[in-house]
Amino acid sequence: MIRLSKRSVSTLLRSGNQSFRIAAAASTSRSSPSATDVKRSDTESRWYSSLTNGQSKNSGSFAQLNMKTNWFMGYRNESSAAASDSSSQAPPPAEKFEYQAEVSRLMDLIVNSLYSNKEVFLRELISNASDALDKLRYLSVTNPELSKDAPDLDIRIYADKENGIITLTDSGIGMTRQELVDCLGTIAQSGTAKFMKALKDSKDAGGDNNLIGQFGVGFYSAFLVADRVIVSTKSPKSDKQYVWEGEANSSSFTIQEDTDPQSLIPRGTRITLHLKQEAKNFADPERIQKLVKNYSQFVSFPIYTWQEKGYTKEVEVEDDPTETKKDDQDDQTEKKKKTKKVVERYWDWELTNETQPIWLRNPKEVTTAEYNEFYRKAFNEYLDPLASSHFTTEGEVEFRSILYVPPVSPSGKDDIVNQKTKNIRLYVKRVFISDDFDGELFPRYLSFVKGVVDSHDLPLNVSREILQESRIVRIMKKRLVRKAFDMILGISLSENREDYEKFWDNFGKHLKLGCIEDRENHKRIAPLLRFFSSQSENDMISLDEYVENMKPEQKAIYFIASDSITSAKNAPFLEKMLEKGLEVLYLVEPIDEVAVQSLKAYKEKDFVDISKEDLDLGDKNEEKEAAVKKEFGQTCDWIKKRLGDKVASVQISNRLSSSPCVLVSGKFGWSANMERLMKAQSTGDTISLDYMKGRRVFEINPDHSIIKNINAAYNSNPNDEDAMRAIDLMYDAALVSSGFTPDNPAELGGKIYEMMDVALSGKWSSPEVQPQQQQMAHSHDAETFEAEVVEPVEVDGKK
């Protein structure tokens, strides 16, 4: 006998129990288990019920293991036998049911819930007609007899405005009676999808095709505008023509053979739409033409619409019988007949679409004039674009595209957050899908880029109106963005500098928004940025030009943000930098500061705001700093005590040369410019404003005479009231000159007037008059004088 440890027995029990469950499941899955199987399952069930629940009285008597069947064998546990007999019956077999649908309700959902725009019915029907023509063209390669009855492959649309009827006819492959039942009688069954699958399975299938359909619901979009649809079709595979007829609110349709000689067609399909009362405006020939040009302009086959035309001709004008004849007229002179021009009207078929899109041509064969003409026509523009890019991408995603940079911003220079634009027209197999995107193909900061994108395989929803989010779309977006940047970079590198100046004037703010929102493309955006600087106040420079002009010892790119170039160049922060010849960028647009801070660095050079603390100009002299700190250190503490919580600290400045003091922002706080902007946009939340502006550093210039006098005042009489007032006024002056807004402008004005009074006292007045004026001023405060009336006296003393 083999002895097993407790752990081994436990493992074997679990293994056996699992095997039993598998076996039991297999036995119950059979529809009619045999009696032997039921008996064996019953026995095994009782054994493992006893083993796993610890109910066996003879726990030591079943140590045998049958290795062949992986079952424990031993004594039968009689106490559980009765219970297992009652539960050994196999469950009854499950019945299988098919889903049922209320067809009329389902049709209503498909028609009215899938499509958001009724206009797409024509796009869907034209796409189906194009697929029918494509099928015929493919099959005719191996069987030329299919196309002998009607050699012309085209689509014709007739609009009867008076009766509200639209008829669309194609000379495609047509349908047999059975195909009518399968394709039009079965919802969501796509004959085109089946055909494409057959092409892929065929050894003779070509690599590329223009077949459009895939969902099998496009035909039913006809019920968006029609309450009755009649389909007459003739397949070259059959000698008979059949008519399919259905109504919008019906759950059934009819099919019958068409025996009317006048309605027979050589081959193809004719769809007749009897429009609803509210949709009869679609039967206007001009509107049909407009819809074709919008949605199906580049379908592979010619589309003709029935249009009214006219030509001008001259006709004779009959003489007026009331006109008197001239008696003296020479009878021999031949009279000249009077004519007038009239327009002769007639109806005829007119080609409405262009079958060869420009983006399918080789870019080397397309001229600039053709690109510009397509841009003006496609986007209804009258100016030529600044640049264009025609490209094809292959690999995981294959698509063709032409992108344009418009010459001006259509929505205004300041509108940079308009997410939804109609600047990108998406086509799938030449059929227009949509131009209403919300960042799917381009980020909003590049929403000004216009163009067309055509792909053969994109994840669309069933209505083919919405581009679904997927990895393919993300890859496409990334490649489109890169091509757009390449196109803009080409403008910036052009010899014609005015082109990029025009671009920057219209779309510079868009790129700055990209610095904030698109960190992934910082390296592409940064070379395109332009700013004014301390060495270029009239012409903007690029960051590359700034880096080239940097001093050898310069380690950072310096900038200052302000509301104008004038205020930026006169700020006290620039004094020492201008002396050293260090260039400073002027950020004068509200978005500039945030954009540059988002970049953080360019070509391993950090951006440094010169209006913030801890400015390092690379000229530290520790011995000199120690001497100055020793001399003015206590004065700084004295000034800090006077200013209190207004400043975080008072320090010796290394950025001043002509100003006595300056107020700088904390390293992680808002600058004066940012604080001004945030106050303008504040909606009453002052807590965050106070928090971000809380840390300010008051820097003093030890070489300035005012600071030297303040230092002397501290050393002689630190409690002098005039010195205290001077510190307060010095702080307020620094507040204004540094770009901050004083909390109490009136109080600041009072301090200035007071100091002016002290400074101007005795400046122009005589010493004798001054005490008298002061005495009169004091007496005026004590009492009120009555006015003395003085009579006028002439020069000679007479009244």
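The backbone N, Cα and C atoms fix where each Cβ goes, glycine too.
Model, not experiment: these values are computed from the prediction.
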**Range among 256-289, 494-527, 766-799 that Swiss-Prot annotates as region 'Disordered'** = 766-799
**Asked** Counting Cβ atoms within 10 Å across all protein chains shown, which of the binding-site residues GLU124, ASP170 comes out on top?
**Response** ASP170
**Prompt:** Around GLY218 (ATP binding site), how many other CB atoms lie within 10 A of its CB?
**Reply:** 26
**Fill in**
Ordered by sequence, the long-range same-chain Cβ contacts of THR269 (ATP binding site) under 8 Å (at least 6 apart) are ALA129, ALA132, THR169, ASP170, GLY172, GLY174, MET175, VAL231, SER232, THR233, LYS234
**Message:** DSSP secondary structure for THR269 (ATP binding site), reduced to helix/strand/coil, please.
**Reply:** strand
